[in-house]
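Participant: My questions will all concern the structure given below.
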Amino acid sequence: TNSFLQIFRILRGINVRVLVILLFLGFGYVFYIGASTSPIIVFVFSVCIVSFLLSIYLTKWVLSKDEGPPEMAQISEAIRDGAEGFFKTQYGTISKMALLLALVILSIYLFRNTTPQQESSGLGRATSACITVAAFLLGALCSGVAGYVGMWVSVRANVRVSSAARRSAREALQIAVRAGGFSALVVVGMAVIGIAILYATFYVWLGVDSPGSMKVTDLPLLLVGYGFGASFVALFAQLGGGIYTKAADVGADLVGKVEQGIPEDDPRNPAVIADLVGDNVGDCAARGADLFESIAAEIISAMILGGTMAQHCKIEGIFFVLSVFFWCGLIFDIYADPSGFILFPLVVHSFDLVVSSIGILSIRGTRDSNVKVPLEDPMTILQKGYSVTIILAVLTFFGSTRWLLYTEQAPSAWLNFSLCGLVGIITAYVFVWITKYYTDYKHEPVRTLALSSSTGHGTNIIAGVSLGLESTAIPVLVISVSIISAFWLGHTSGLVDETGSPTGGLFGTAVATMGMLSTAAYILTMDMFGPIADNAGGIVEMSQQPESVREITDVLDAVGNTTKATTKGFAIGSAALASFLLFSAYMDEVSSFAREPFKQVDIAIPEVFIGGLLGSMLIFLFSAWACAAVGRTAQEVVKEVRRQFIERPGIMDYKEKPDYGRCVAIVASASLREMIKPGALAIVSPIVVGFLFRVLGHYTGHPLLGAKVVAALLMFATVSG
């Protein structure tokens, strides 16, 4: 991250004309490799670049708004310094661990066997190792940048939302949504363009599809490193950011609200800045990295499945023309060859950028900001934008499937895959509705929980835990129905392999996952809205603004809590679908390395059953360590806040100023220290379990035992999670 910041400073110091020329050369190279690969890649590059330009416009629009009175700007600056300081330290730690892991991956790839595909294409061990490590590091870097961008804008938008709330609620809402939209477009755009650049570079560099070289259907297998790099960073960003935000929140509220009886976000609370910083590093940076990882993993696994299916079904170049006229004046002919099935996920997410941008821009402020209008429910306004995005996503999805998935071997297959996409889009919409029902203050579950508080803390906790446990039921039923529906639609699409067996089932599930994530940019916008609104409320309270301003930010904050929960539900739902695909990709990979079929995992074998038990246990152990980490860090915050109230009695009468920086430093160092153990557990345990059972399998005559046990561990862990 330090090197990234140095590059950023150097770029700022370069003459604007030189920078424009460098950018132009960069774009020229990107479009050259795109045109050498496929016109579809050129289309993807074009959409991503336009969405980046739109995100720059949104940033300029947000930053052009005023920061309000000096006391607001001062608080915002303290939040910004705390968030950026923690980010720099956290990502410095993560980058060191990523480099260490890159060396481990390099050594593993240099000594392991090659697959038949690698041998036939002449791809040696050293080349394969370098490609995987380069993809891993690029995935980690892009994931880190996605997280940084999310946090960068939120710490600048919060004070502008606070200032706008003094004028009108609608303007405050619009600023928060557009600030969230900026980071959402960058996160999704980076996931798509990163994979597209890697794909195109490998395609040109390895001379794919030329005689004696790699087939295009095997190319997606080289991208798995990118997905792992993104997952690695997302895991530690979520852990570090999550421990930070929860520990600061608990510490601030226990002493401030419970012991001292002062309101939330009161300037007298020494932990209040740490709490507000936590919203940015936990919900903006971490969620950005998390959804980046979900999208990257889903695109890569769908590309692998698309390639495998095209290979099995012997889909060859069926010619039909689509003339696309770009700014450079070139006209391309598009062939419906295997690359249509492989590049389909990139096109779907390119359209996601387009439809989500329209949804974000559909939320407008009032014409005259001086006119006070009655406060419309912000959730209703956000839902209208989501409805616009969903309708456009359905239309573009049907268009994409007709364009890329039409094949004369099964003329109606594209329609089945369109319906798979529709299943995914409906699943996403239902998930948003379910989460809203369980977390919005207007619905029964939250009202029942509030009622349980009237009889004390204990009954409140019991009701809260039971509500959380109950809220898993409907989402699981929805996911189950969508997996079966999508698999069946894909299975009956008419695509068959050489033996005449239907092969489209898994790809149907992949298309449903794409459908679910086809509005990811808008969902992420709603998520980023949450911490920005929360911060805005904190700034209004700390700068002691009138009650009418606090009322506006309170409503935005309440809605923000619901949208944050919505994104968690959405991310988990899409991860459940994506993990099903990754599981199949894992089995394909094992079978190609072992050179024997690996189609199913039998849990009646004792060792495999033990793998499942260990997988379920890992989730509980990981959760326990994460909770304990929050508890320990919160205790340190509580002790520090109590110490300040005792040693500085003037704080309560506003005669002395609390030492905010001390609490920020305590939470930052503790959360970085605490994130290592649970993170290491998640990464090391599958390797250790696989290795132990592989050794056991070697002596008992079961060569694939290690792979089967790890398969059970992964599947059971996903189900328990």
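Glycine is treated like the rest: Cβ placed from N, Cα and C.
As the structure is a computational prediction, the values presented were derived from the model and not from experiment.
Reproduced below are the annotations present in TrEMBL:
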- 40-58: transmembrane segment (TRANSMEM)
- 94-111: transmembrane segment (TRANSMEM)
- 131-155: transmembrane segment (TRANSMEM)
- 175-199: transmembrane segment (TRANSMEM)
- 219-237: transmembrane segment (TRANSMEM)
- 317-336: transmembrane segment (TRANSMEM)
- 342-364: transmembrane segment (TRANSMEM)
- 385-406: transmembrane segment (TRANSMEM)
- 472-491: transmembrane segment (TRANSMEM)
- 570-588: transmembrane segment (TRANSMEM)
- 608-630: transmembrane segment (TRANSMEM)
- 679-696: transmembrane segment (TRANSMEM)
Participant: Same chain, outside the transmembrane segment (94-111) by at least 6, Cβ under 8 Å from its Cβ: which residues?
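Facilitator: Residues 1, 125-126, 128-130, 132-133, 136-137, 140, 144, 225, 229, 232-233, 236-237, 240, 683 contact the transmembrane segment (94-111) from elsewhere in the chain.
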Participant: Between the transmembrane segment (679-696) and the transmembrane segment (219-237), are there three or more C-beta pairs closer than 8 Å, counting only pairs 6 or more apart along the chain?
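Facilitator: These two stretches do touch.
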Participant: Which sequence positions outside the transmembrane segment (385-406), separated from its termini by at least 6 residues, show Cβ-Cβ distances below 8 Å to it?
Facilitator: 40, 177, 320, 322, 334, 336, 340-341, 343-344, 347-348, 351-352, 354-356, 358-360, 362-363, 413-415, 417-418, 421-422, 425, 428-429, 432, 511, 515, 518-519, 522-523, 526
Participant: Which of 131-155, 175-199, 219-237, 472-491, 608-630 has the most Cβ pairs closer than 8 Å to the transmembrane segment (342-364)?
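Facilitator: Selected stretch: 175-199, with the most Cβ pairs under 8 Å.
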Participant: Grab the same-chain neighbours of the transmembrane segment (175-199) for me: Cβ-Cβ under 8 Å, and only residues 6 or more beyond its ends, written as numbers and ranges.
Facilitator: 30, 33-34, 37, 41, 44-45, 48-49, 51-52, 54-55, 58-59, 61-62, 65, 135, 138-139, 142, 145-146, 149-150, 152-154, 156-157, 160-161, 164, 219-220, 222-223, 226, 230, 284, 288, 291-292, 295-296, 299-300, 303, 343, 346, 349-350, 352-353, 356-357, 360, 363, 382, 385, 520-529, 532-533, 536, 556, 560
Participant: Which bits of the chain, at least 6 residues beyond where the transmembrane segment (608-630) starts or stops, bring a Cβ under 8 A of a Cβ in it?
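Facilitator: For the transmembrane segment (608-630), the nonlocal Cβ contacts are 239, 242-243, 246-247, 250, 601-602, 671, 674-675, 677-678, 681-682, 685, 689, 693, 708-721.
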Participant: For the transmembrane segment (570-588), find every same-chain residue at least 6 residues outside the stretch whose CB is under 8 Å from a CB in it, and list them.
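Facilitator: Result: 224, 287, 290-291, 294, 297-298, 301-302, 304-305, 308, 424, 427-428, 431-432, 435, 475, 478-479, 482-483, 506, 509-510, 512-513, 516-517, 520, 523, 598-599, 711, 714-715, 718.
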